[in-house]
Amino acid sequence: MPAGGGLWRGPRGHRPGHHGGAGLGRLWPAPHHAAAARGAVALALLLLALAAAPPCGAAAVTRAASASPTPGTGATPNDVSAEASLEEIEAFSPGPSEAPDGEYGDLDARTAVRAAATERDRFYVCPPPSGSTVVRLEPEQACPEYSQGRNFTEGIAVLFKENIAPHKFKAHIYYKNVIVTTVWSGSTYAAITNRFTDRVPVPVQEITDVIDRRGKCVSKAEYVRNNHKVTAFDRDENPVEVDLRPSRLNALGTRGWHTTNDTYTKIGAAGFYHTGTSVNCIVEEVEARSVYPYDSFALSTGDIVYMSPFYGLREGAHGEHIGYAPGRFQQVEHYYPIDLDSRLRASESVTRNFLRTPHFTVAWDWAPKTRRVCSLAKWREAEEMTRDETRDGSFRFTSRALGASFVSDVTQLDLQRVHLGDCVLREASEAIDAIYRRRYNSTHVLAGDRPEVYLARGGFVVAFRPLISNELAQLYARELERLGLAGVVGPAAPAAARRARRSPGPAGTPEPPAVNGTGHLRITTGSAEFARLQFTYDHIQAHVNDMLGRIAAAWCELQNKDRTLWSEMSRLNPSAVATAALGQRVSARMLGDVMAISRCVEVRGGVYVQNSMRVPGERGTCYSRPLVTFEHNGTGVIEGQLGDDNELLISRDLIEPCTGNHRRYFKLGSGYVYYEDYNYVRMVEVPETISTRVTLNLTLLEDREFLPLEVYTREELADTGLLDYSEIQRRNQLHALKFYDIDRVVKVDHNVVLLRGIANFFQGLGDVGAAVGKVVLGATGAVISAVGGMVSFLSNPFGALAIGLLVLAGLVAAFLAYRHISRLRRNPMKALYPVTTKTLKEDGVDEGDVDEAKLDQARDMIRYMSIVSALEQQEHKARKKNSGPALLASRVGAMATRRRHYQRLESEDPDAL
């Protein structure tokens, strides 16, 4: 080692530590990763270094710079005090320094720290552990003996699992929605006092003869309630066939048809209760589902049918469960349904089941159970599956693509004992044949005539079909030709021979056929070439398996030994041990036999290191770690010290007596910051140090990610129930929108209702009553129209304004007339001759100017004018009295007096004057 010492660094990302007094010792790493082998090697090197490393010199010599700059020529000037020369530097800008080697003295600390910071080297704040979270070292465990696999067989496999998914099929439900509404009719309003809704089934004959033949439905519903047969008519009218129209809205996977959008409500004469009936024929195509043991099925409407969907009248299906009377079920062969949207008949016939329940009729296509359902479901296909026989007498199936192994007995599974397991061989053969044609058709041959089925642990069923390479198959063929058995055993001989040699015959399988009646056929290999090839293959296989078994056992023993090292190191530096074990930055302290930990928080704000490590105001006292300031989560500037491995301490308690010839290197970011005599000098890059990493030159295996191997997906688990309640709620909320128009408002005209009632009354009187009714209805209609016109005119704002103005004008005229009459009564002369009376009033009247004779004449004239007015009134009364009936009576009386020779007397006496 050179006299100046050497700057040693541990592997990248490891926690450094220092050894020695005033001189600079070696910086050795503590474990950082969780890998047990790497941790053990690092700990062993650390213990050896601490025990055997000699002390180094005080000077740190690097490969890049020949000499260190003197204090005062670096970042801090001599003529500035320690407090004034605190140059805060930021350590977050990545990228190496652009300054050449040897010129670090001309750079400030800010530039050097920026050049050292990288993305991987971040700063952390570690709170002290409180003990709420503890970690224990795993105790030693007994190492298992890994059995070696032997007799490997390559092939293609298909994995099956238990089928938890329900059996789904399409079904049609037919029902008539009967709504009976009772309404109280008022003079200007209508109120619903009762509403009764019921679903009634559609007869099967109507479905087959009307709905599935002409796309129509009868507007009449006949059903049984309270053990009585009742009938309902749509709109209380005679039944007719109504076209089925598509529903307004449909949920996903469902369709619907109905006959009407409206609910009939009868609004009759005012003051009475009226009842109206609405019959809406509805056909819905829904999803039905049934779960094992398939003794009932549920519809997406929420209805449950208590019978097996596989119940039928042929092929033994009558043994399935049914919970209804036989008369409610009907099966129709060669049935041709129609598409209610296009009105097209199906091209192929089906066997359709019909079941009439108290509230609906359900129909679905029947098929045997064995063709529709299976108790096992295909899970995964393994194009490369390896089967090996373990020493405990079991088969181990390993799939590299799946990253999983399945262990089973050597005895094949008898699928006849598996209920509804006929699909396994069929689906497995189809999948294996497809994989073989796509991948192995030119390089391998299939062994056997069908897949071998095994029950693996965990309830999985493995359908395995061995593969033989073409070269090996040719060797088998040559051996058979040599023995003269090629024509006896046929093309399946290579697979049989390979199975007979490599694995014992499974229990319960049929014995091989006898040859010439002398015993069982036993095929052996006699070719030396084949034997050598087989021996070489078996030898290499056994050697590799034995080596892998030893490595596995040694790995387990190494884990137990590493536990002792971890336990001892946890007493020296629990934080480093916990960080390496957990794989994330934590702070730890021992609590007896366990470690209390707290997670370190990454500092995302700026981190600044100060140039001086001397304590201001205290001579002879210095800080043992550099001073830093940083920001964290917007809390402002925090003052602290730089801890080990980029840890930021929130206190400044680490002090020591100042010593001469002080030289220290501290980890900062991805490099090291160098202090001399407690002053910053420069930044030391990682490439300038000597690495203690011992590189192991090996070719590693390819990286492999282990992902969760889901047996049942979330969708499969959510779809296991008999009822899908979310779908039921969605359907119930959508029912009114599908089959009824909720936006349409029917406005009732009470006049029309009155005329309709009068018309119905006269129509009940026959033809004469109908004729009279037309006349009466015409007159009534005219009156209603006139009144309606007036009401409409008055309801118009302009009409109401005009009427108001006319009324106001009449009131003003009446007031003026009343005032004029009052003036006439009070002072007639003033009212008749206002000018004359006004002049007399202004000029005044002297007694000498009045002519008494003219005054008497004026009085006489006024008196005679009054007499003339009275005579005219009497004459007017007389004429009015003699007009009409009075005049007729006077005329008759005059005729009678004339016949009796009476003469009229003079009404005035000529001698009276």
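Counting starts with 1 at the first residue shown.
Cβ atoms here come from the backbone N, Cα and C positions, even for glycine.
Record features, source Swiss-Prot:
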- 496-506: compositional bias 'Low complexity' (COMPBIAS)
- CYS126-CYS600: disulfide bond (DISULFID)
- CYS143-CYS556: disulfide bond (DISULFID)
- CYS217-CYS281: disulfide bond (DISULFID)
- CYS374-CYS423: disulfide bond (DISULFID)
- CYS622-CYS658: disulfide bond (DISULFID)
- ASN151: N-linked glycosylation site (CARBOHYD)
- ASN261: N-linked glycosylation site (CARBOHYD)
- ASN441: N-linked glycosylation site (CARBOHYD)
- ASN516: N-linked glycosylation site (CARBOHYD)
- ASN633: N-linked glycosylation site (CARBOHYD)
- ASN697: N-linked glycosylation site (CARBOHYD)
- 1-24: region 'Disordered' (REGION)
- 183-189: region 'Involved in fusion and/or binding to host membrane' (REGION)
- 268-275: region 'Involved in fusion and/or binding to host membrane' (REGION)
- 496-519: region 'Disordered' (REGION)
- 742-795: region 'Hydrophobic membrane proximal region' (REGION)
- 752-795: region 'Hydrophobic membrane proximal region' (REGION)
- 902-905: motif 'Internalization motif' (MOTIF)
- 1-59: signal peptide (SIGNAL)
- 819-913: topological domain 'Intravirion' (TOPO_DOM)
- 798-818: transmembrane segment (TRANSMEM)
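Features recorded in Swiss-Prot, as mapped to the structure shown.
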residue : record                      : DSSP (3 states)
ASN151  : N-linked glycosylation site : strand
CYS217  : disulfide bond              : strand
ASN261  : N-linked glycosylation site : coil
CYS281  : disulfide bond              : strand
CYS374  : disulfide bond              : coil
CYS423  : disulfide bond              : helix
CYS600  : disulfide bond              : coil
CYS622  : disulfide bond              : strand
ASN633  : N-linked glycosylation site : coil
CYS658  : disulfide bond              : coil
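CYS600 (disulfide bond) sits 52 Å from ASN151 (N-linked glycosylation site), taking the C-alpha atoms as the reference points. Within the set of recorded positions ASN151, CYS374, CYS556, CYS658, the entry lying nearest in space to ASN261 (N-linked glycosylation site) is CYS374 (CA atoms). Within the chain, the region 'Involved in fusion and/or binding to host membrane' (183-189) has long-range Cβ neighbours (under 8 A, six or more residues past its boundaries) at 265-276, 750, 753.
When the glycosylation sites ASN261, ASN441, ASN633 are scored by other C-beta atoms within 10 Å, ASN261 scores highest. Neighbour density at the Cβ, taken as the number of other Cβ atoms within 10 Å, is lowest among the disulfide-bonded residues CYS143, CYS281, CYS374, CYS423, CYS600 for CYS143. The most densely surrounded of the disulfide-bonded residues CYS126, CYS556, CYS658, judged by C-beta neighbours within 10 angstroms, is CYS126. Between CYS281 (disulfide bond) and CYS374 (disulfide bond), the C-alpha separation comes to 37 Å. For the region 'Involved in fusion and/or binding to host membrane' (183-189), the DSSP counts in helix, strand and coil order read 0 helix, 3 strand, 4 coil. On the 0 to 100 pLDDT scale, the topological domain 'Intravirion' (819-913) averages 67 in this prediction.
Checking the recorded positions (CYS126, CYS143, CYS217, ASN441, CYS556) against CYS622 (disulfide bond) with a 10 Å Cα-Cα cut-off leaves nothing. Of all the recorded positions in the record (ASN151, CYS374, ASN633), the one with the smallest CA separation from CYS556 (disulfide bond) is ASN151.
Closest to CYS126 (disulfide bond) by Cα-Cα distance, out of the recorded positions ASN151, CYS374, CYS423, ASN633, is ASN633.
ASN151 (N-linked glycosylation site) sits 24 Å from ASN441 (N-linked glycosylation site), taking the CA atoms of both as reference points. Taking all protein chains in view, 18 other C-beta atoms sit within 10 angstroms of the C-beta of CYS622 (disulfide bond).
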